[in-house]
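Per Swiss-Prot, the features are:
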type: COMPBIAS; residues: 315-326; note: compositional bias 'Acidic residues'
type: REGION; residues: 309-337; note: region 'Disordered'
type: REPEAT; residues: 132-172; note: repeat 'WD 1'
type: REPEAT; residues: 182-222; note: repeat 'WD 2'
type: REPEAT; residues: 226-266; note: repeat 'WD 3'
type: REPEAT; residues: 270-310; note: repeat 'WD 4'
type: REPEAT; residues: 345-385; note: repeat 'WD 5'
Amino acid sequence: MEDDAPVIYGLEFQARALTAQTAETDAIRFLVGTQSLKFDNQIHIIDFDDENNMINKSVLLHDAGEIWHISGSPADKAVLTTCYNKTSESRVLTCAAVWRMPPEWESGNHESPDDSSNNPQTLELLCHLDNSAHGSMACVLWEPMGDGKRVISLAENHVLLWDLQESSAKATISSSATLEGKGQLKFTAGKWSPHHNCTQLATANDTAIRGWDLRSMSQIYCIENAHGQLVRDLDFNPNKQYYLASCGDDCKVKFWDVRHISEPVKCLEEHSHWVWSVRYNHSHDQLLLTASSDSRVILSNMVSISSEPFGHLVDDDDLSDPEENQQEDKGKEPLQDSIISTYEEHEDSVYAVEWSAADPWLFASLSYDGRLVINRVPRALKYRILL
């Protein structure tokens, strides 16, 4: 059973911002934002043709500045946010804005993708998330499974909850929280939990992970030294409401039950340099991707702490034969965690990895040299999970 070869796409500029087009669940589509100091920056819309194993792309201009973070609306596939660098009065500020793609590009129905590089169209600015009072933006998070009307931005040591009004043409801060403490505190990453009616947020600053209740904008837990060095990324298990994964500059990936934060549930040490990105599969939470500046992407099968630690359980009522019943009991040993694959198509630091929103077995990774690689979960594992 041979697996399909990875598909590689090269951008002409350096890049570190990647997202799946969240609201698009029919086509496999990723958005990549570039980082160029000399030229106008771009957003590449990458369409993956699964049947022919090939990529179609279109390019939109993002002349506001180099892109550090990109995120797609969960409700409107034409709408996205970027965090980008802007120089003003000899200092660099990372700003954030909400944009709309031109109507003919949002659905990927462009006729001749090659022409778009020569005459790229510009994104339509819907509104700025005005951060002049709060400092540089680290990221913008859309409300999971929301209607595209609420976003959170992390700016320096502030959590800002925004309401987007009138087709996202205006953004107002509805509530905020500030991280208090010694020194210059600064958020590095955050994740809006899809559980608890989307009322919780996890943030990372320095080596700590904090949980926030968005109703009261107050802190609900703090894992003080979650990692030995800076925490780079977080992700919530989509199927287990208290479980959270984190990664950092100590080369480790850790799994937490936020009800018992004194120590991690599990720890992985497979990377040899900083781990920049960690992502749970949206459907099968045993599958976990990590990306690192050791230039590798690792797919792990963390089945023991997944929502199905025994695989698919068969109901005892379905087994009429007592002998079969005994054998079934023997088979109910927890399955073993393992590293499934190490993907080594990159030659530079891999800053981002994302699962497709349309195909649960497919993912993209992006390295700083502008190389985007599309890979799949090995077929043997896919069928083992499904059957």
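Cβ atoms are placed via backbone N, Cα and C, with glycine included.
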Contact set, same chain, for the repeat 'WD 1' (132-172): CB under 8 Å, 6 or more residues outside the stretch:
22-23, 69, 71-76, 79, 81-83, 92-96, 98, 100, 126, 178-180, 184-194, 198, 201, 203, 205, 212, 214, 217
Overall pLDDT of the repeat 'WD 1' (132-172), taken as the mean:
92
